[in-house]
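Trainee: This is the structure I have questions about; it appears just below.
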Amino acid sequence: MQRQWSLQAPGEPEAEPGGEELCEQEMERLCLSQQPVRVLPYAMVDKRFIRQLREPEGVKTSCWQQWRRRRQTVGRRLGEAARRLTRGCGLWEGALYEIGGLFGTGIQSYFTFLRFLLLLNLLTLLLTSGFILLPLVWLRPPDPGPALNFTLQCPGSGHLPQPGVSKFNNLLWNVFTGRAFNNTYLFYGAYQAGPESSSTYSIRLAYLLSPLACLLLCFCGILQRMVKGLPQKMFLGQDYRSPLSAKVFSSWDFCIRGQEAATIKRHEISNEFKMELEEGRHLLLLQQQTRAQRACHLLTYLRVNILIGLLVVGAISAIFWATKYSQDNKEESLFLLLQYLPPGVIALVNFLGPLLFVFLVQLENYPPNTEVNLTLIWCVVLKLASLGMFSFSLGQTVLCIGRNKTSCESYGYNACDYQCWENSVGEELYKLSIFNFLLTVAFAFLVSLPRRMLVERFSGRFWAWLDREEFLVPKNVLDIVEGQTVTWMGLFYCPLLPLLNSVFIFLTFYIKKYTLLRNSRASPRRFRASSSIFFFQLVLLLGLLLAAVPLGYVVSSIRSSWDCGLFTNYLAPWQVVPELVALWLPPPSQRILYYLGSHAFSFPLLILLSLVLTVCISQSQASSRAIRRLRKQLVWGLSEPFPAALRASIAEGRESGRDMGWTMSRRPLD
């Protein structure tokens, strides 16, 4: 650019007057622009020339400008350090590069997602340790004081039974069921605190707000990554389809190393072309269908989806009855097996459900991409519905939701069977998390590994058909999201469950890496959304909402256990907030808080948010219309003389305040 603006190379024809005028206008704009030089889309030599134009020799910059430049440099370095921290401080960089080079960015995205979940769990653990565990150790709270005097009147027994005590004095089984950690900080019942008036730091308030703050921070992180990973098709329009020429010239991944990886990539590109042609064929057949054929297709669609819906209902009903039976028969001789009955049923449902969904969705004769998307949607519905039904079944058994019992009417929960119901719920979530990880280990070393050894050992048509296991990214993502959802559900009942899940995710990374490199093969059928961060974050966000709703209901409405925990003298955990407000804040501040929580403030806030939402929607629609106009202008610009089109685009960019400097790095065409 510098050479182009200053001198004309010998032997070259003179530039057109229009081109020189455009260059002068661009130089003037760059000199007057406040945009940093480092972000300009020019070569390093051109950036030095632009800096000389802005700061001629002999002209000293002011102290204010020097301080501002140093502040920008420090801010930029801090931002880069924060971005490195969010990427995991280089954790697993070498392994991720190896996986991306051998199998492409689609499978690499799953392992990147594992690292993101590990960072979320470590952040949650840091907040819990900083606001709850360290103050407990440092302050050494006094005796929690007298609890409410409850006299249990349980029908059919003169004393309070101790349900769920293992009849096998085996420490290993106690570790698997969580009984060995009942008196530790792993569960809710071990946390104690004195009266609020005798302490300057409220452990109860920290214990109450820490899970909510963790969920809020996780929501912000997921939302930020979701916005970053928005599919480009959303901005280009639903009717946009990339041309085959773009796939021909831009499909190759230059990060791939090795002959085997290159062969895999060639097959992947070939399958991509086959998928495009198959979708085009389906679209053509759809346009040629008669009314009778469309009616038959609609009936098939309704029949298949009704059948899938019935399967989902049956699956969640099985989970409900398994959880109820496990809780109602704790004194049976098969106690240890009954403890893992609900996790076992959930695992069985999540294993058989996707297989049946794939078979049934294929009956509808959809294009490959639509077929995979529908299967994934039903898998997400099944997994989240199973966890939701598991939570509801626990609530019905422990908290007497929809049941009438003497202890429930008196104490707000099933006090006869559960002295510390928070610990019981925490144990169930602990067992579910343990079972999910053990299932991952067992499937990797007892299914995938023997299958690979048998395929390599024997030859024949059957073994060639069996082959190695396909590494399916969507299925693995749904499995890890299920474990993360269980962790979020247990933040109140089992505060150190994120530590356990962090260990599980760390080990899962290496187990899945071993399975991918040794026991699996890349899927020959590429799923378009497998490398989409947006799809992963959307499923994770649904899991976060599923965990937040029961937690909010328990914190605000459910009676705490009278025999254990921090909130023994409170009808609900949230009651500690108004007590502390009345104890610590002066009357003017109390009135302000009460006003912020009243309807007089809620309704104007709702109206303001509605107006902001309307403005955002209007801006989004305007941006969509602008994108469509720009796309048409790009098409029209191909038939116009290039300098005229370039002049029009620069003038339009200057009017809209956009930076169109990147168009001036090239010489005007004839």
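Backbone N, Cα and C define each Cβ position, glycine as well.
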Trainee: Per TrEMBL, which of 1-20, 61-80 is region 'Disordered'?
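Mentor: It is 1-20 that TrEMBL describes as region 'Disordered'.
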Trainee: Do you know the DSSP helix, strand and coil residue counts for the domain 'TMC' (420-530)?
Mentor: 86 helix, 6 strand, 19 coil
Trainee: Averaged across the domain 'TMC' (420-530), what pLDDT does the model get? Just tell me the whole number, please.
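Mentor: Mean pLDDT for the domain 'TMC' (420-530): 86.
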Trainee: Checking distant contacts: for the transmembrane segment (531-555), what same-chain residues at least six beyond its ends satisfy Cβ-Cβ under 8 A?
Mentor: 104-106, 108-109, 113, 117, 208, 211-212, 215, 218-219, 222-223, 225-226, 228-231, 380, 384, 387-388, 391, 395, 474, 477-478, 481-482, 484-485, 488-489, 491-492, 572-574
Trainee: Against which stretches of its own chain does the transmembrane segment (490-511) lie, if we need a Cβ under 8 Å and a gap of at least six residues from its ends?
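Mentor: Here the qualifying positions are 92, 95, 111, 114-115, 117-118, 121-122, 124-125, 128, 132, 185-188, 191, 207, 210-211, 214-215, 422-423, 425-426, 429-430, 433, 436-437, 440-441, 444, 480, 483-484, 547, 551, 554-555.
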